[in-house]
Amino acid sequence: MNIVILGTQWGDEGKGKIVDMLTEDVAAVVRFQGGHNAGHTLIIDGEKTILRLIPSGILREGVLCLIGNGVVLSPPALMEEIEELNAKGIPVTERLRISSACNLLLPYHVALDKAREAELGTKAIGTTGRGIGPAYEDKVARRGIRAMDLLHPDQLLEKIKKATAYHNIQLEHYYHQTPLDYQSIYNQLMEFREKIKPMIGDVSALLGNLRRQNKHIIFEGAQGSLLDIDLGTYPYVTSSNTTAGSAATGSGFGPLYFDRVLGITKAYVTRVGAGPFPTELTNEEGKKMAKRGNEFGSVTGRPRRCGWFDVISMRRTIQINSLTGIVLTKLDVLDEFAKIHLCTAYRCDGEVVNEPPFDQSLLESCEPVYEEMPGWQTSTYGLTDYSEMPKEARNYISRLEELLGVPITIISTGPDRKHTIVRQAVFNQVITAKG
């Protein structure tokens, strides 16, 4: 069985934990888009691990981890992550494979990203400043440096020389930044070359072989669907396609071979950086939500904006991803709220609507229409049995399923992989739950 697991909001939904939990039964986990701007936090027996590029399956012995062609790969970030895992006694290089078609993220991408955000000032998009957007620009413009170029040092030098000269024009003459030295960039890449070279291969072929052997494969998304470059809240989006279609194009795996698409969603909503957020809470409730959820970015440390669950945006996410199941995370964050609110419609220009406005600029002025439900005001932290869930919490989950039309198959009640209620088996899960 081949399953896509992705975020349904603006990222930070808890995908890493769910992927890690499900990898007990899989042969491989694939990253298919994004770069080291994504942080997947895993907590196992109290020990925290943050992964940015390497798939979450790396913490399971014997699971093959693949980085697909849709990822933009920073060599120094990758090596730093490998070293961090090795220091914890986790071997990486034997189980990690990188698509030869994967584009590399280089110093001029980072320099451009930071210069552009500084130029925009108060109108900045709110990128992580890690060069993701400029790296994807080079890919589309066909001047990108790919992993396979590391196999041909002479050609690599010429490509870097040309790309650096091109970007230096912007850096020096438009942004008034110090130009970069192509030789230094090349020398740095050559330092990483010998370590990365053995991991470069044909990821599409590997996936094809696993499929023919009827092995289970997870395709692990980064960020969230509302940050998709085409379908998200543009221009406040990331630079890759974060939706289910990207699992095929970003890995070289045929779309008809996917069996399920699981969408990860928090029991509330968060967002980092600028952009419309209809259910955002800027009051004490929002602060309480952020504090209880420890809502700070795992990569940037930036505080996340918090708000009530948005049924309207979630329905759109279900449609564009063809979700077959929903994983509800961080339910325990709502334990102390006397009242729970669900946004079931928007009020835009005085009119109540049940779909996001096609004109994204109108979303900024849309107000949420709420349905109120009683809270449970008792701890759900660490529960593993659905029958032990407070009645009000079960009612909340049932109402979500009714409004969304998709079953909630897994509920996360805490950060550890064991803090989980599995209502419907994904593969052959050993963990089971009543309800």
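Every residue gets a Cβ built from N, Cα and C, even glycine.
Per Swiss-Prot, the features are:
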{"type": "ACT_SITE", "residues": "D12", "note": "active site, proton acceptor"}
{"type": "ACT_SITE", "residues": "H40", "note": "active site, proton donor"}
{"type": "BINDING", "residues": "11-17, 39-41, R304, 330-332, 412-414", "note": "GTP binding site"}
{"type": "BINDING", "residues": "D12, G39", "note": "Mg(2+) binding site"}
{"type": "BINDING", "residues": "D12, E13, G14, K15, N37, A38, G39, H40, T128, R142, Q223, T238, R302", "note": "IMP binding site"}
{"type": "BINDING", "residues": "S298, V299, T300, G301, R302, P303, R304", "note": "substrate binding site"}
Packing count at T413 (GTP binding site) (other Cβ atoms within 10 Å of its Cβ): 24
Residue from N37, Q223, G301 whose C-alpha is spatially nearest that of K17 (GTP binding site), among the binding-site residues: Q223
Using Cα positions only, nearest of the binding-site residues to H40 (active site, proton donor) (T128, Q223, T413): Q223
Number of other Cβ atoms within 10 Å of the Cβ of N37 (IMP binding site) across all protein chains: 28
Nearest of the binding-site residues (G11, G14, T41, G301, R304) to Q223 (IMP binding site) - Cα to Cα: G11
CB contacts for Q223 (IMP binding site) [other CB atoms within 10 A, all chains]: 28
Inter-residue C-alpha distance, R302 (IMP binding site) and D12 (active site, proton acceptor) (nearest angstrom): 12
Integer Cα-Cα distance in angstrom, G14 (GTP binding site) to G39 (Mg(2+) binding site): 10
Pairwise C-alpha maximum, in angstrom, for the residues (D12, E13, G14, K15, N37, A38, G39, H40, T128, R142, Q223, T238, R302) that bind IMP according to the record: 34
Within 10 angstroms of G39 (Mg(2+) binding site), Cα basis - recorded positions out of D12, T128, P303, L331, T413: D12
Residue from D12, N37, T128, G301, R304 whose C-alpha is spatially nearest that of T413 (GTP binding site), among the recorded positions: D12
Among G11, T41, the one of these binding-site residues whose Cβ has the fewest neighbouring Cβ atoms within 10 Å: T41
